[in-house]
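One structure is given here, and the rest of the page talks about it.
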Amino acid sequence: MAKPMELRSMLEGALVAALTAVLALIGFYLPPLQIITNLIWTIPLVVVVVRHDLRTGVMAAVVASILVFLFSDPLRGLFLVIQSIGIGLLYGHLFKLRYPAGRTVLLGSVVSGLSTFLLIGLSSLILGVQFNDIGNQLDKSMEQAIEFYRQTGLLERLTERGISEEMFREQMQYLVNLFKILIPGGLILSSIAVAILNFVIARLVLKRLKISVPEVPPFRYWQLPWYSTWGFIAGLALLLVGDHWHLTWASNVGKNVLYIYFPFLLVNGTAVAVYYYKKYSPSPLVKALLIFTIVLFPSMIIMFLLLIGLFDPLFNYRKLGVNFNEGE
């Protein structure tokens, strides 16, 4: 009985390797589809690991990688494999072990982030791409934007409103410098977004195949763990210390930490708001007032949700017994 099962596993692994390679190559030869294929090409690996084991998935991944190298540009193929293979195998293994959804996404985000920074390191080593090059390109883009404003007469209109070219240039330079500082945080957030999208797609595919997957709680029950607040405090402390003692590295690290936290705090705060909205079912008049407030004062609402999202893990406003990271 063991031999037929092993043969079936090998055959399915071979088919999965071929399908995985085909999906990856579609993205290479049809660039408009690359955004989609980059998210789904490792899904077959997730399925084969769940249906069989990690060993079969690794073998399929190796064969698929070789096929991608053979039928595409080897360097681009290498970058794609590094970026995606790890998270595909990890998700397959965690789904098979029935890990809670929150922890699965967390581990997937870590692997996705490590893959991203490994790619950056390889790009620097092989292609000579440096962060300074990105900064220089941003400076050039700023100069082009200012020149465009000058040629179209928009700069003159700004001058009429009391904004001189020098003031406009200073504002643009501030934004460009801030963008340069936040590049690491942006890369981490993009890695987390990729991990979340991969998780959602993999989970949907597994459910369609009638394979049991961990349950994701309704949005109103999502909650950050209490200890996540310490990360925000550390980021804020680094920012204040850096600004006070003129430690650029500390200030920049603090800004990136806070930048990474903001989307999570906003989601957490929104979950709290949705919870109470569902709980109390406001009247049509209250609903109209809420919509009116959101439309007129979006910045104030966002700030309010951020604060709620920050303090909710500590005070547990909804009195939830188990948080999202524990998968219930």
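Just so it is clear, glycine is given a Cβ too, placed from its N, Cα and C backbone atoms.
Since we're looking at a predicted model, the values are computed, not measured.
Within the chain carrying the transmembrane segment (12-29), a Cβ under 8 angstroms from the stretch's Cβ atoms is held by residues 36-38, 40-42, 44-45, 47-48, 51-52, 56-57, 59-61, 63-64, 67-68, 71-73, 76-77, 80, all 6 or more beyond its ends. TrEMBL lists 12-29 (among others) with the feature transmembrane segment.
For 35-50 (among others), the entry in TrEMBL reads transmembrane segment. If you look at the transmembrane segment (35-50), the same-chain residues 6 or more away from its ends with a CB under 8 A from one of its CBs are 12-13, 16, 19-20, 23-24, 26-27, 56-57, 60-61, 64, 80, 83-85, 87-89, 91-93, 95-96, 194, 197-198, 201-202, 205-206, 209, 211.
Residues or ranges marked as transmembrane segment in TrEMBL: 57-72 (among others).
Annotated transmembrane segment per TrEMBL: 78-94 (among others), in sequence order. Sequence-distant contacts of the transmembrane segment (78-94), counting only residues of its own chain at least 6 positions beyond either end whose CB sits under 8 Å from a CB of the stretch, comprise 24, 27, 38, 41-43, 45-50, 54, 57-58, 61, 65, 68-69, 103-104, 107-108, 111-112, 114-116, 118-119, 122-123, 194-195, 198-199, 202.
As annotated by TrEMBL, transmembrane segment applies to 106-131 (among others). Sequence-distant contacts of the transmembrane segment (106-131), counting only residues of its own chain at least 6 positions beyond either end whose CB sits under 8 Å from a CB of the stretch, comprise 75, 78-79, 82-84, 86-87, 90-91, 94, 99, 180, 183, 187-188, 190-192, 194-196, 198-199, 325.
The transmembrane segment feature in TrEMBL is assigned to 181-206 (among others). Tertiary neighbourhood of the transmembrane segment (181-206): same-chain residues 39-40, 42-43, 46-47, 50, 87-88, 91-92, 95, 101, 104-105, 108-109, 111-113, 115-117, 120, 131, 134, 213-214, 216, 252, 255-257, 259-260, 263, selected by CB-CB distance under 8 Å and a gap of 6+ residues from either end.
Under the heading transmembrane segment, TrEMBL lists 227-246 (among others).
Annotated transmembrane segment per TrEMBL: 258-277 (among others), in sequence order.
Sequence-distant neighbours of the transmembrane segment (289-311) (same chain, 6+ residues past either end, Cβ-Cβ under 8 Å): 224, 229, 232, 262, 264-273, 282, 317. The transmembrane segment annotation in TrEMBL covers 289-311 (among others).
Here the transmembrane segment (227-246) has long-range neighbours at 252-258, 261, 264-265, 310-311, 313-314, meaning same-chain residues at least 6 beyond its ends whose C-beta is under 8 angstroms from one of its own.
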